[in-house]
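Trainee: Mind having a look at this structure? Questions to follow.
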C-alpha cells in the first residue's frame, strides 16, 4: 500500500507513509512515490513525520504536535521534536536537534532518568551509584597518596634537621684547640649552632713529644639526641 491516512484533515504522502489522528501529516513535503520520504509514520493530533524536506525516510512521530523531521528520527510525546538524523526525543516537549542523540527533555525542561542499572560494556550508561563508587575509589587513592606525600615530607624534614645538627657538631668539634707543647695534657670545649640546630663538643689532647700528639673528642646534638666520638693521632715527619 503506497500510503494510509486516518483522521480528520490527516495527510499521508510518500511511499509507505502512514498518518493517524486529526490534522496529522506524514511525508507531505515531497509527494507520492518519492523514496526520500517513504516509510514515515505520524500518530496523534497535528503530528508530523518527515514533512520538512528530502531524505527523511522512516521518521516516526507519536503524540499531539509531535514532529520527526529528519531521516530515521523518532519523536514520542506531545510536542516532542526530533530534528536530528537518527535522533530520538522522548517525553512531552523533549527536543533532539543533534544527529544520533537521545533526548528526554529540553533546555530548561530537563528530566532525570531513573532506575538505570550499572553499566557493564564500554558504551553503557553509568548511574550515580556506580559513579560514586568510582569517585570513592579515587578518593581512597588520593588519601593514600596524600599520606605518602606527608610521610615523605616528614622524612625530608627529619633529614634536614639531622643535617643541620651534623653541621653544628662539625663546627663545634672543629673549634677545639689543644696545647701542642710536649708533655702537656689539655682539655677543650666548644659550642656550635647552624640554622637553629645546636652542637656541643669536648675533647682532651696530649702532646707526647714535639712530633707526636694524641686527641680524643666527644660531640653531641641535644636537639636531635645524637652523639658521637672520635680519637685521633698526629705525627710530624720533619
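Please read every residue number as a count from 1 along the shown chain.
Glycine is no exception: its Cβ is also placed from the backbone N, Cα and C atoms.
According to TrEMBL, the record shows the following:
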COMPBIAS  7-21  compositional bias 'Polar residues'
DOMAIN    6-24  domain 'Trimeric autotransporter adhesin YadA-like head'
DOMAIN    57-80  domain 'Trimeric autotransporter adhesin YadA-like head'
DOMAIN    82-106  domain 'Trimeric autotransporter adhesin YadA-like head'
DOMAIN    112-151  domain 'Trimeric autotransporter adhesin YadA-like stalk'
DOMAIN    179-235  domain 'Trimeric autotransporter adhesin YadA-like C-terminal membrane anchor'
REGION    1-24  region 'Disordered'
Trainee: Averaged over the whole of the domain 'Trimeric autotransporter adhesin YadA-like head' (82-106), what is the pLDDT?
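Mentor: The predicted confidence over the domain 'Trimeric autotransporter adhesin YadA-like head' (82-106), as a mean pLDDT, is 96.
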Trainee: Give the residue counts of the domain 'Trimeric autotransporter adhesin YadA-like head' (57-80) per reduced DSSP state, in the order helix, strand, coil.
Mentor: 0 helix, 8 strand, 16 coil
